[in-house]
Amino acid sequence: MPITPSLHQASKLESPLPQATIGGEGRGEGATLASRPDLLERLAIQTFERDQANLRRRLRTIEHAEGPWLESDGRRLLGFCSNDYLGLSQHPQLIAALKRAADDEGVGSGSAHLICGHRREHAQLEEALAEWTGRECALLFSTGYMANLGTMQALLARGDLCVQDKLNHACLLDGAQLAGAELKRYPHADIEAAARQLRSRPDAAALLATDGVFSMDGDVAPLAALAALCAREHATLMVDDAHGLGVLGDDGAGSVRAAGLSQREAPVLMATLGKALGCSGAFVAGSAALIDGLLQFARPYIYTTAMPPALAAAACAAVEIARHESWRREKLQATIARFRTGAAQLGLPLMDSPSAIQPLLLGDAQVALEAAQALERRGLLVTAIRPPTVPQGRARLRITLSAAHTDEHIDRLLDALAALPKPAGAGGPV
Ligand SMILES: Cc1ncc(COP(=O)(O)O)c(C=O)c1O
């Protein structure tokens, strides 16, 4: 049960709650007698409750980044929490492409794509992404969050059915809800449950949406089985491959390619440019008809400024490197294997993940937080992920690995994990 503070208690918070106003008292002329709840006050109380439950989120400023090394509060920390899986975010070719395009084209795109913001750099990137993923066309969005909202809002109408894995990323869940679809969430990777949910409304237009690689667990969705289910049930499959692109599949084309799914079998493919590609932004790839439909109806595409063309130029350079420098994927896989072998030897609570996301499931939010703090004291930055981002009782250290990590970095991480205090009753460390 969350504890609701009295305003007296709340006033002891670091950032005091706003003063209660009763019936507009103290507001001077124009005060009303309305008993409306005060929105700012309500928000402050919710923040207080989150703090009391040890779930408060805090922002950290990184003063400088250099490969996996991060400087924060004047300290140099070895990071295991970035999604820069191939180590491309500081690659000289990306930086050169960004600078060149900025020199030629300036910084901002100046307008939305459909006005005059769609530049040559965007068109080239879309072409490169479509070719890489084996799709007819691609459409850029400024963020993955917007790509998912826009795609779902364009595809789904009020009352349609949207079936989703329970562990899908928040923006897929938000996308279905904002589109007004009926959202049904099946237990993680449970094909039979997904089938039952689809069959519960056989006449409804239906989208089945899944992460390709699950962002907090690191495992891969059973894509081939989901595609077969969608074909049987006449549902449309949408895959969010934010964490698979660049990492999985032949030439890094992602989890959909690794599962061997064609455009017909997985017609809506979304992925981001801010993770393995080391940039920022996202795209949806699929048939020309899908992309044209998004161009007509996806509001987060239509009503927003196009990403800076220089960023698109950098992402184009990243696609080239991610496709052709397969040694980066091999190095990442070797790093993952080294970590998993070492963690298993230490008896750490590894999850069943083949990807760059290697969480250690600790359960209790406070235990996860204290483990992250202990690692930080030893110079390592690892994020504790707590509810509501993950389910209650499933807090974890979300360790992410990169091709930029060396064997020595991994050994250092393992040493620090081995030194964490054992929770009461546990057999191994952490
Ligand atoms: C699975 C997944 N989809 C979408 C997003 C959102 O992408 P973006 O950061 O580009 O908004 C994220 C994380 O950021 C993610 O993990």
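Placement of Cβ uses the backbone N, Cα and C atoms for every residue, glycine included.
The substrate site recorded in TrEMBL includes Arg57, Thr389, and the single candidate from His122, His169, His188, His324 that the record places there is His169. The candidate list His113, His118, His243 contains one residue that TrEMBL assigns to the pyridoxal 5'-phosphate site with Gly144, Tyr145, Ser215, Thr272, namely His243. A Cβ distance below 6 Å to any atom of ligand 1 is met by none of the recorded positions Arg57, Lys275, Thr389. Gly144 (pyridoxal 5'-phosphate binding site) has a Cβ environment of 25 other Cβ atoms inside 10 Å.
It is 17 Å from the Cα atom of Thr389 (substrate binding site) to that of His243 (pyridoxal 5'-phosphate binding site).
Residues Gly144, Tyr145, Ser215, His243, Thr272 are the ones the record ties to pyridoxal 5'-phosphate, and the longest Cα gap between any two of them is 14 Å. When the recorded positions Ser215, His243, Thr272, Lys275 are screened for a C-alpha within 10 angstroms of the C-alpha of His169 (substrate binding site), the residues that qualify, in sequence order, are Ser215. A simple Cβ count within 10 Å picks out one of the binding-site residues Ser215, Thr272, Thr389 as the most packed, and that one is Thr272. The recorded positions in question are Arg57, His169, His243, Lys275, and the one with the fewest Cβ neighbours inside 10 Å is Arg57.
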